[in-house]
Amino acid sequence: MSTYTRPVMLLLCGLLLLTLAIAVLNTLVPLWLAQANLPTWQVGMVSSSYFTGNLVGTLFTGYLIKRIGFNRSYYLASLIFAAGCVGLGVMVGFWSWMSWRFIAGIGCAMIWVVVESALMCSGTSHNRGRLLAAYMMAYYMGTFLGQLLVSKVSGELLHVLPWVTGMILAGILPLLFTRIVNQQTQARHSSSISAMLKLRQARLGVNGCIISGIVLGSLYGLMPLYLKHQGMANASIGFWMAVLVSAGILGQWPMGRLADKFGRLLVLRVQVFVVILGSIAMLTQAAMAPALFILGAAGFTLYPVAMAWACEKVEHHQLVAMNQALLLSYTVGSLLGPSFAAMLMQNYSDNLLFIMIASVSFIYLLMLLRNAGQTPNPVAHI
């Protein structure tokens, strides 16, 4: 049977449209808040509110999928995300935008859980890696195109919200023409998120997802603000964010092939080390293009390698629970990263954004080095 079946392709098409909308909002919301003269710590709190919504959405989507299936869960998630988008135009203010971004965060997390779980459950041990790679490519391509849109269109709030909302609703259309069936067989014992988080053999993968959340959450939430403080216009900010994300797209397949050949432990070490180098290079402000490129290539590919590490440690019937656990870990990191980095930037210097990213990456590198002789070195299937 073909890996890229009709339901899979339609699902990825819908994801591409939704990710476009997510990328546009994640870039422009911090800028809209800055234009409203909100302090940096409040900008960070709004970003954290979005990731708090991710946390909540991740927790209950597995139960929702079991009750109403993949298709209806996907429709509901998209409508919740659209509501969070429309709400931004109703009231402009710190507390109202915290609420709407929280709602949008719930919808986005539900979308990710539904899409990832559907791909994992429709695949086998022979093609699940290719499905995951296709998922990451679609996700990052949507993010890249979203950044380009920001650099080409008007960034005014009331100009952006109508077409972004339309794009979210258009993301529902592909799944109206297919039905995604859960081919996963019923397990004798249901798996829980907490059980997945406690697996010792998957701990490096879980920790990697947390670190990835800190790194990417901080970059998504605060990099536009950092660039704004450097005196850049919205179009330039969109361009540099596109450079960051395009590096992540280009790095997906090479990192997967390297992990397949040399093992995930070595690849994770190299990725984390390159994130540290990219952060240090950003502090020098001498060559932002190569610095952003290597930061994106390493930072954006950390999550799938860490995720593949953990998923290889569980049985087929545990994949949805493990997927939820990894998304939960990523979301916790995404919640903590922008909040802490925003406080550092507000009270001290914008450069502390990259110092924090380098510091947490160094801690994870120490974990990888310390566990070298204790943890098996699984080979990737991406």
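Cβ from N, Cα, C; glycine included.
If one looks beyond the transmembrane segment (8-28) by at least 6 residues along the same chain, the residues whose Cβ comes under 8 Å of a Cβ in the stretch are 50, 74, 78, 81, 85, 88, 104, 108, 111, 115, 118-119, 122, 131, 134-135, 138-139, 141-147, 149-150, 155, 157, 160, 164-165, 167-168, 170-175, 177-178, 180, 220-221, 224, 234, 237-238, 241, 245. Annotated transmembrane segment per Swiss-Prot: 8-28 (among others), in sequence order, evidence recorded as sequence analysis.
For the transmembrane segment (45-65), the residues of the chain that approach it from at least six positions outside its boundaries are 26, 29-30, 33, 38, 73, 76-77, 84, 94, 97-99, 101-110, 112-114, 117, 182, 193, 213, 217, 220-222, 320-321, 324, 327-328, 331-332, 334-335, 338-339, 342, judged by C-beta separation under 8 angstroms. Annotated transmembrane segment per Swiss-Prot: 45-65 (among others), in sequence order.
Swiss-Prot lists 75-95 (among others) with the feature transmembrane segment, giving sequence analysis as the kind of evidence.
For 102-122 (among others), the entry in Swiss-Prot reads transmembrane segment, with the evidence type sequence analysis.
Swiss-Prot lists 131-151 (among others) with the feature transmembrane segment.
Counting only same-chain residues 6+ beyond the ends of the transmembrane segment (157-177), those with a CB under 8 A from a CB of the stretch are 10-11, 13-18, 20-21, 24-25, 28, 32, 71, 74-75, 78-79, 81-82, 85-86, 88-89, 92. According to Swiss-Prot, the transmembrane segment annotation covers 157-177 (among others), on the basis of sequence analysis.
Residues of the same chain lying 6 or more positions beyond the ends of the transmembrane segment (204-224) and with a Cβ under 8 Å from any Cβ of it are 26-28, 30-31, 43-44, 47-48, 50-51, 197, 237, 241, 244, 265, 268, 272, 275, 295, 299-300, 302-303, 305-311, 313, 325-327, 329-338, 341-342, 345, 353, 356-357, 360-361, 363-364, 367-368, 371, 375. The transmembrane segment annotation in Swiss-Prot covers 204-224 (among others) and is backed by sequence analysis.
Taken from Swiss-Prot, the feature transmembrane segment covers 231-251 (among others).
The transmembrane segment annotation in Swiss-Prot covers 270-290 (among others).
Same-chain residues lying 6+ beyond the ends of the transmembrane segment (291-311) with a Cβ under 8 Å from its Cβ atoms: 120, 128-129, 132-133, 136, 140, 196, 199, 202, 204-209, 211-213, 215-216, 219, 240, 243-252, 255-256, 259, 264, 267-268, 270-272, 274-275, 277-279, 281-282, 284, 319, 322-323, 325-326, 330, 378, 380-382. Annotation source Swiss-Prot lists transmembrane segment at 291-311 (among others).
If one looks beyond the transmembrane segment (325-345) by at least 6 residues along the same chain, the residues whose Cβ comes under 8 Å of a Cβ in the stretch are 40-41, 43-45, 47-48, 51-52, 54-55, 58-59, 109, 112-113, 116, 193, 196-197, 205-207, 209-218, 221-222, 225-226, 303, 306-307, 310-311, 352-353, 355-357, 360. According to Swiss-Prot, the transmembrane segment annotation covers 325-345 (among others).
The transmembrane segment feature in Swiss-Prot is assigned to 349-369 (among others).
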| query | Near the transmembrane segment (131-151), which same-chain residues lie under 8 Å Cβ to Cβ, leaving out any that are not at least 6 residues past its ends? | reply | 3-4, 8, 12, 15-24, 27-28, 115-116, 119-120, 122-123, 234-239, 241-242, 244-246, 248-249, 252-253, 256, 300, 304, 307-308, 382
